[in-house]
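Reviewing the structure listed below.
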C-alpha cells in the first residue's frame, strides 16, 4: 500500500506539471486595424490601463464600458470569477491588458481568458458587443496526457457533469457551485483516486439561451477533437469551459465531492511455482520493487525535462517581452493610474476650499497625496464634449513629454464616469494671475519676464522639434503658462494638442477651438493649424508679457487713430518709431531698452499675417540669445485694419534704432 501511495503522489505531480497554461490570447485579424498613435490607439490605451481598477471597484467584479466617439470609440469588458480577491483580479486583468498593448499592435479587437492568478476575462473592440453571443474566433488547449481509465465510463461521467453545469450556468440560478452571473464550478468522481474538476463562465450580459448554446457548443467541440485527453480548455469571445483531473483553481476549495464507492480488493498474481505459498513476502516484495524501480526514474526524468522546458520557455518569453518594450515608442500608462478614492481623499472630496480655478473643460483643485506630495487635480466637466477629447489628449501626450518648461503629469483617473488628470503642483499659479493684476504686476520685473519669454520659447521648441513627437499645442495663452516657485514657466493644458507626422506641416479642422485673442488668422478663419500657428500665439504672449496688457483689449495711439487689439497697437507703435510706449509702466526705468525693443521686434515677426513669414522656434531662440543677428522688418500682422489714417514706413526700409546691424542671418 505504501508503494501504491507513492505512485499516486508521483502521478499527481506528473499531471500537475504536465498541464499547459490555459491562457490563449486572440488578437482578431479579420475585424480591421487601426493606425498606431492615432485616436483609436489612444482610447484603447486609456480604457485598458484603467480596466483593473474599474473592475475591482464593482461588487460583482464585472465592468462593461466604452470611451471616445465614433469612429474611434473603444468598447471593453473586464471581469473575474466569483470568489476572486480584488488583488488577484486586478493582477490578472492588468497582465492581460498589458499583453494586448504590447502584442496586438494595431488590431481593433482582441479577447482572452487568462487563468492566473485567477480566471478573468478581458475584451476590447471597435464595435459594441454587449449582449451579443460571439462564438468565434475560438481557441482550445489540451492536457498533454491521455486518459488511462475506461473511455466509455469516462464519457458517461464527463457528459453528466457538463450537462449539469451548463444547466446551472445558463439558467443563472445561484447554487453552492454557481452564481447568477452565468458561472459554475463543479466536480465528479472518476475513479477512487481521480476526480473531474470543471469550470464554466459566460459573460454576464448574455441571455440564458445564448449562454447555454455557447457552452454546449464548446463541450461538443472538445469531444470532437480531444476526447481522450486528461483535460482541456475551450475559449470563445462569449464563454469559457475548462476541465481537468486536479484542482487548478481556488474555485474548488469549498466544493464537496461525493464519496467514491468502496475500493475493491486488489489481487496480486503470484508466480506458478509459489502457488502453494500465498503469503510469500519475498516474491510480493520483488513485484512491488520492480514497479517502483521502473516508475520512479521514469517520472523523475519526465519532471526534469518539463522543468527544463519551462525554464527555457520563461527565458524566451522574458527576452521577447524585453525586446518588445525596447522597440515600442509608446509608453504604457498603467503605472500612472490613480483610483478615484485616492483622488477624492487628496482633494478633501473636491472641496470648494481646495479649488484653484475653473476653465471651459472643468475645475482644478489642489490636493495632497498620502505620501505628502502636493498635486494639482484637473477634474473634467461631465457635460463638456470637448472635455472628453481634452482628457484623451492630455493623459497620453503629456506622459511622453519630459522638459523643464512643460508641466509634468503624475497620473490620471478614469473611474465612475470621471475623467481626472493629476499634475505636479506649481506653486505660483498661472502667468495671467500676475501679469494682468495691477497689484501683482510689480512682482514680475523685466528680468523675470525676459526669463519667462525664453523658457516658453524653449518649451515650444521641444514640442515642435526636440521631443520624440511633433506636437502642435494649439492653445498657448497666459493662463496656460504656469509659474513655479522660482517663476520659471511651464506650459500646461494639452487638451487641444495635435501630433503631426514626420513629414506633416499642416492640419485642418472644422472645429475651431481655443481662445480667439491668441488664434492665428489662418486657424480662426480657415481651420488651418501648424507650427506657425503656435508661433503666432507665442508672439501675442510676448507682447502681453512686455506690456502687462491683454490682447483682447482695445487700444489706440491717439484720438485720430483707429482702435485695435494689442497686436495692431504694438505694430502701430513700431512703425511710428515709438515701440517703448508699449512697456509696462511698473518697470519704471529698470529694463534694458535694446533688450525690450528686440523682444517686441521678434514678437511682431511672429504675428505676421502670412505663416511663411513667421520664423521657426529655433530661429526665435537664436534671435533672443544673440545680438549679432539682423532681424527682418516685420510685415503687417494678422487682423491688421488697413486704415488710411495710419502712416506706414516703407516695407523695404530699416531704422538703426529698431534693427541690429551685424552679420545677416537667414531663416
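The backbone N, Cα and C atoms fix where each Cβ goes, and this holds for glycine too.
From 150, 576, the position flagged in Swiss-Prot as N-linked glycosylation site is 150. Looking at 54, 371, Swiss-Prot tags one of them with N-linked glycosylation site, and that residue is 54. Residue ranges 259-282, 283-306, 307-330 are listed, and Swiss-Prot annotates 259-282 among them as region 'Disordered'. Taking every protein chain shown into account, 475, 479 are the recorded positions, and of these the Cβ with the most other Cβ atoms within 10 Å belongs to 475. Each residue in the domain 'Gnk2-homologous 2' (135-248) gets a DSSP state, and the totals come to 39 helix, 34 strand, 41 coil.
Taken residue by residue with DSSP, residue 479 (phosphoserine) is part of a helix.
Note on the domain 'Gnk2-homologous 1' (25-129): its mean pLDDT in the predicted model is 87.
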